[in-house]
Every structure is written in C-alpha cells, then in structure tokens.
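Chemist: Mind looking over this structure? Questions follow.
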Amino acid sequence: MASITGALILAAGKGTRMHSDKPKVLQSILGEPMLRFVYDALEPLFGGNLWTVIGHKADMVREAFKGEDHRFVVQEKQLGTGHALQAAWGELKAAGLDRVVVVNGDTPLLPTSTVATFLKEAMDADVAFMTLTLPDPGAYGRVVRHNRRVVAIVEAKDYDETLYGPEPDEINAGIYCLRMDAVEKLLPRLTNANKSGEYYITDLVGLAVAERMDVIGVECGQDPNLLGVNDPAELIRSEALVRARIALNWIEKRVLIHAPETVRISPRAVLEPGAEIYGPCEIYGASRIARAAVVHSHCWLRDAVVAEGATVHPFSHVEKAEIGPDCVVGPYARLRPGAVMEEGARVGNFVEMKKARLCKGAKANHLTYLGDAEVGPGANIGAGTITCNYDGVHKHKTVIGEGAFIGSNSALVAPVTIGAGSLVGAGSVITKDVPDDSLAIARGRQTTLPRRRNS
C-alpha cells in the first residue's frame, strides 16, 4: 500500500519584527499574501493533503483566502511551533497520513522542486529536516552534530558553547519531514523549558536522537530560497527575488518585457506569448494580457483582462475591468470594477468608467465620467460628459443608443436613455429620455448685449 504524505504550514505567529497590524503571512509580495507563495509551492505535491495552522488574527487569514479550498487548524494560544504541531495532530492522524512535511508560512521563495527532492531523501528517516550554511547565522536555530551525525537543533538564544561546543554556521531551515507513528510518541514530551517559554518543534530532533531513531539533516548549502521573512528588509529582498523570477519566466515564454527589473507581475497573472509590457508597470491579481496587446509604462492593473491587439497607454489604472480586442485606453484613463470595452472601443485621457460598457467602436476620448452606463456601438461621447448616476441614495443607469453623439460638457441625469442616432447639444443637462434620431438641447439661450465701458 502506498504511503500518504501530507503537509502542514505553520502560519499562526504574530511576526512582531514586521511591526505591522497584519499577520506576518499576510504581508504583501507583488500584491499577494506571502502565504499564497507557500501554497503555490506545496499544492502540486500534496493536493488536498495540506493543512495550515493559524492563530494570530485567524479570521483575517481566512478572509484573505475566502472562496478557496484550504484546510485551517486554529492554534488558540501561540505557544510555539511544537504546540502548533500538537494542535494539528488530530486532523493529520485522522487523514491517515504516514508522513507529514512541516513548513513555515514565511518562506515565499520555496521552490516545489526543492521540496520534492527533500522528500525523496527523507523517505527512510523518522525525522528529517533541511539545513543551510550561512556566514552569519543570525537568529536561526543551530544544528549540532557529532562526527557528522545530527545531535540536536538548538535555538540561537538558548545556545551554550559549554554544552554544545563552538557555535556552528549550519542552521535549521525550518522544513521537516516527520514519520507520524515515530513522532507521535515524542510530541507529549515537548517542554517549554527555554528562554522563550515556548514548545519548539526543533526539540523533536533531540528527543528522536535520544530514542535512537533515524534522524537526518539534509544539507542545502547556502540556498537563499529556503530563508524565511522576519522583518521589512527581508520582505523587500524576497519580493525582489520573486519579481525577478516571475519576469524571467514570462520572458522565456516569449513575452516581451522592456526594463523587466521595473515590472511587477503577480504570480496569478497570465501573459500570452507576443504580449508586450513596458516598465515601470504593475500587473496584479488574476490579470490576463493577450498576444499582441501592449501595456505601456506607469500603468497599474489588477484583475484586468487586456484582449488581443489592445493598447493601454501610460499612466492608466485598470481594476476588475475588461478591455476588448483592438481597444485603446489612455493615457491617464481609469477603468474601475465592472468596466467593459468591446472590440475597437476607445477611452482617452482623463476618462473614468465604472460599471459601464462601451460597445463596439464607441468612443469617449476626453475628460468623461461613465458610471452605470451602456454606450451603444459607434456612439461618440464628447469631452466633459458626465453620467449623473447617483441621487444621494441610489445608483441609476444611463443608456446611450447606437451611433448617438453626445456633445461636449453635457450632463446626463440618470435614469435616462438617449436613443440610437440621436444628438445631444453641447452643454446640455438631459433629464428626460431622448427618442431615436432626435436632437436634444437643454441649456439657456445665449444672450449677447453691448459691452458697457467705464466712463
């Protein structure tokens, strides 16, 4: 019978060194919670056999992954990594696991391939863990060996050279593979007799050695991908490495990225071969950029769809909006959630759309607000046009028919419909529906008087 291996992510800590109100695992990297990168690394290996221990501001962590299929275990009191494992043990055992891989939730650089290799090396051990060798071990737990055999892991603040000898530069990377039936008898023996007063998962190593179990430390050199994030400086360094990794991945897939060192792309974004991106630029969330689409510099996109042949000019802001084939956006345009541009539509400088649709070939080239509106095919919206969609209590819809022409500086007070082929004179305030093929003018008649001069 094949053995079953699962994974447990430790994500309950406060992350006090971040000096943030957010839990550490929710700190942002390229617009995504740090924890998402750990999920991305582990899900290909463990699928549904993946649990996350949460504790500090647990509801905030749940909310960040709302709608996603994750298994959470709550550590009511944050009493250390060993206590977190104890809190999750019942669920791990109920799942029938033979082994569990334990990973810290603050390792956003962790590659799937590294975990897969570690699993192969750890399969014959009762307790296995990954180690790094660093010139400056800092606050990481030290790996104590005797004749190359692992003896213990000792936290930096508890290390005593009189007991363990000269301080080593080999540190614990915080990734473990534990055989369930072997470790189960050790868990109750964890104590908090240390300077932090916490139950350390690292103490399982010393206990396993004392029981003559098979314990191995898998040496990984100086691999920076295994290091955790503990403070803002480390977060920034990790984000820079992730950003470079993602940009290189898309370049290798034939996406043309100019100044890639200035382009920030979410791990959930999808770029098709032949897309062209100019930095600096930010592409977040589940954005999709199609082939032959161009996104120019200083643009900000989140959950945006940019279809084939579309162009987004500089300084445009696009969020939860759809830009159709061969559309043109900007410069300095803002598409808010619910904005949809159909094929060949154009939105120019200082135009804002929200819950509005520009149908095929429609244009709003200058200084316009389109909110809760539908603009028919081929319609033209003049500069300074405003759809007045909010009466102070409710939002109302504006419908502009096919081929309609709205003159500059017009206000369309919703709910209102402008019929197909109709023309609204410049400067009008339209409060009533306009039939098809009509001319509507709603403004004061011009009066011209002789100029009076001072005597």
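Think of each number as a place in line: the chain as shown, counted from 1.
Cβ atoms are placed via backbone N, Cα and C, with glycine included.
Reproduced below are the annotations present in Swiss-Prot:
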type	residues	note
REGION	1-232	region 'Pyrophosphorylase'
BINDING	10-13, LYS24, GLN75, 80-81, GLY141, GLU155, ASN172, ASN230, ARG336, LYS354, TYR369, ASN380	UDP-N-acetyl-alpha-D-glucosamine binding site
BINDING	ASP106, ASN230	Mg(2+) binding site
REGION	233-253	region 'Linker'
REGION	254-455	region 'N-acetyltransferase'
ACT_SITE	HIS366	active site, proton acceptor
BINDING	ALA383, ASN389, TYR390, SER408, ALA426, ARG443	acetyl-CoA binding site
Chemist: Closest to LYS24 (UDP-N-acetyl-alpha-D-glucosamine binding site): which of the binding-site residues ASN230, TYR390, ALA426, going by Cα position?
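Modeler: Given the candidates ASN230, TYR390, ALA426, the nearest one is ASN230.
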Chemist: Could you measure the widest C-alpha to C-alpha distance across ALA383, ASN389, TYR390, SER408, ALA426, ARG443, the residues recorded as binding acetyl-CoA, and give it to a whole number of angstrom?
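Modeler: Across ALA383, ASN389, TYR390, SER408, ALA426, ARG443, the widest Cα separation comes out at 22 Å.
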Chemist: What does DSSP give as the helix, strand and coil breakdown of the region 'Linker' (233-253)?
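Modeler: Across the region 'Linker' (233-253), DSSP assigns the residues as follows: 20 helix, 0 strand, 1 coil.
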Chemist: Quick one: of ALA12, GLY80, ASP106, ASN172, ASN230, which binding-site residues lie within 10 angstroms of ALA383 (acetyl-CoA binding site), measuring between C-alpha atoms? Sequence order, please.
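Modeler: Taking ALA12, GLY80, ASP106, ASN172, ASN230 one by one, none has a Cα falling within 10 Å of ALA383 (acetyl-CoA binding site).
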Chemist: Take the C-alpha atoms of SER408 (acetyl-CoA binding site) and HIS366 (active site, proton acceptor) and report the distance between them in angstrom, rounded.
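Modeler: Checking the Cα atoms of SER408 (acetyl-CoA binding site) and HIS366 (active site, proton acceptor) gives a distance of 9 Å.
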Chemist: Please report how many Å separate the Cα atom of ALA12 (UDP-N-acetyl-alpha-D-glucosamine binding site) from that of ARG443 (acetyl-CoA binding site), as a whole number.
Modeler: 63
Chemist: Within its own chain, what residues at least 6 apart in sequence put their Cβ under 8 Å from the Cβ of ARG443 (acetyl-CoA binding site), listed in sequence order?
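Modeler: Non-local contacts for ARG443 (acetyl-CoA binding site): GLY425, GLY427, SER428, VAL429.
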Chemist: Can you tell me the three-state DSSP label for LYS24 (UDP-N-acetyl-alpha-D-glucosamine binding site)?
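Modeler: The residue in question, LYS24 (UDP-N-acetyl-alpha-D-glucosamine binding site), is helix (DSSP, three-state).
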